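Following: one structure in structure tokens, then a few remarks.
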Amino acid sequence: MRSAARRGRAAPAARDSLPVLLFLCLLLKTCEPKTANAFKPNILLIMADDLGTGDLGCYGNNTLRTPNIDQLAEEGVRLTQHLAAAPLCTPSRAAFLTGRHSFRSGMDASNGYRALQWNAGSGGLPENETTFARILQQHGYATGLIGKWHQGVNCASRGDHCHHPLNHGFDYFYGMPFTLTNDCDPGRPPEVDAALRAQLWGYTQFLALGILTLAAGQTCGFFSVSARAVTGMAGVGCLFFISWYSSFGFVRRWNCILMRNHDVTEQPMVLEKTASLMLKEAVSYIERHKHGPFLLFLSLLHVHIPLVTTSAFLGKSQHGLYGDNVEEMDWLIGKVLNAIEDNGLKNSTFTYFTSDHGGHLEARDGHSQLGGWNGIYKGGKGMGGWEGGIRVPGIFHWPGVLPAGRVIGEPTSLMDVFPTVVQLVGGEVPQDRVIDGHSLVPLLQGAEARSAHEFLFHYCGQHLHAARWHQKDSGSVWKVHYTTPQFHPEGAGACYGRGVCPCSGEGVTHHRPPLLFDLSRDPSEARPLTPDSEPLYHAVIARVGAAVSEHRQTLSPVPQQFSMSNILWKPWLQPCCGHFPFCSCHEDGDGTP
């Protein structure tokens, strides 16, 4: 619900004018405040997990209640063509943190694995990547991350924490080093490598049946087999079972953990109190750093399955458990925004809200939909080309600096947040690497009418599925699809029966010639254009093709973080509270803020 406190507060005129003066200084680069922390805006970045762009009232949903996010949009700038750089958690967040496509850091699929699978894998965001947190830290900011990380933990030994948030510019971390999955809820079916797990269990049963058959045959005298051979085969079967069950049999204990900085504080985590713990930590962080400046990246666990929702919100929405979780997320965000206002920081805080990618259409429990709604846009999570997989909310808020109620339809990217916040604090983006994002400051303020992106490239794993051309002279936004997933069943708009749609192989269609859409006239990508229906068809295909060729010249080989050797669970890398393998601990209290 909207807070009366948020509606009724008004800061003194002198304080209200301060952000405006700072903004003009940063924009025009005519002054550089060196010492006064008050001249640097606090940065609050809020990212939902798996939220569909059609799930919010401010984006057209009139059946889910999201008053706090809607108010943020009313008081700020709302982007309607805001795009994730990847359609899955790990690569999208890597791109967000670094302002670079995830494949540039090796943080995207080179095989069947498209996201990190274990806390105890050795893959993760490389140490030589620069996050916006590191740059802000160098400019005197306190930098905190609360919530989901999913960018890896260790490289070579338990505790080296080479991929840990504290090794990437954050000086405080509280949350999940991994991500929520169904495995975190004992009452849900398995999710992490569920198909492989079922296959390994089948092999184990086959081996056990063979060993029992040999033992029975030898005992009954049906055939002659030495006891040593039977014992040896039984040993092999046991070793095989232990080799996979030691990881897959304890997914909840290995992956579903909470950490504070370098220490595991809860293993496995108690889902029912997690939301309260995250809220308590966020409010506490704001209060501790209210004299600023601070960066707080609030990386929400909502609204990823298993949709852990407190009793206060269960059964309250019109859309089942998913809707309940969305409305709880909005309430939690409202509490955080209240903390900003209660500490007198509303007019000195740059706030941003988004989702890491589109809603998860395939997330179902029988006939119940457990994933988000992507509005008019085709596709969803896991689909790198279709709009539903990559179009996300984008809301920016800074009273007195950004115009209230402004709506921008220009193509923008999650990768743009990196150079945007770096510019706001007076920093510079790295000059020794490709940065794919562009600062949104001129666009948000109204100094520029057009996005700096002429072309945007949309990947599924390391496969280029589509490209977007924002034609400057006409204003048209053309979208070329080179590869699309094959929906199952045909025409369903998703790949039901599997976790997400594939990026390559037999489950995709390669289009020769490519599909072409004009998003400015057909944002739902319902009517592909042809040479007969669009006179510019061949010219557009050729121009986008040339841009793709130029883009590919910027690519260079890097170590693959999702390689099989990096993805595998390694017991010596497992974060552990206590003595491995007897890892167990719980936080005191219920997390009530």
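The backbone N, Cα and C atoms fix where each Cβ goes, glycine too.
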- Out of H82, H304, H453, H458, Swiss-Prot lists as part of the substrate site with K148, K381 the residue H304
- Note: Swiss-Prot has D49, D50, D356, H357 binding Ca(2+), and from C89, C256 that site also includes C89
- Starting from each candidate's C-beta and looking 10 angstroms out, tell me which of the binding-site residues K148, H357 has the most other C-beta atoms. H357
- Starting from K381 (substrate binding site), work out which of the recorded positions listed here (D50, N61, C89, N347, H357) have their Cα within 10 Å, and give them in sequence order. D50, C89, H357
- Name the one residue among N61, N128, K148, H304, N347 whose Cα is closest in three-dimensional space to that of D50 (Ca(2+) binding site); these are the recorded positions. H304
- Message: Can you tell me which of the recorded positions D49, N61, N347 is spatially closest to N128 (N-linked glycosylation site)? Compare CA atoms only.
- Response: D49
- Message: Using a 10 Å radius around its CB, how many other CB atoms surround C89 (Ca(2+) binding site)?
- Response: 23
- Message: Tell me the Cα distance separating H304 (substrate binding site) from D356 (Ca(2+) binding site), rounded to the nearest angstrom.
- Response: 11
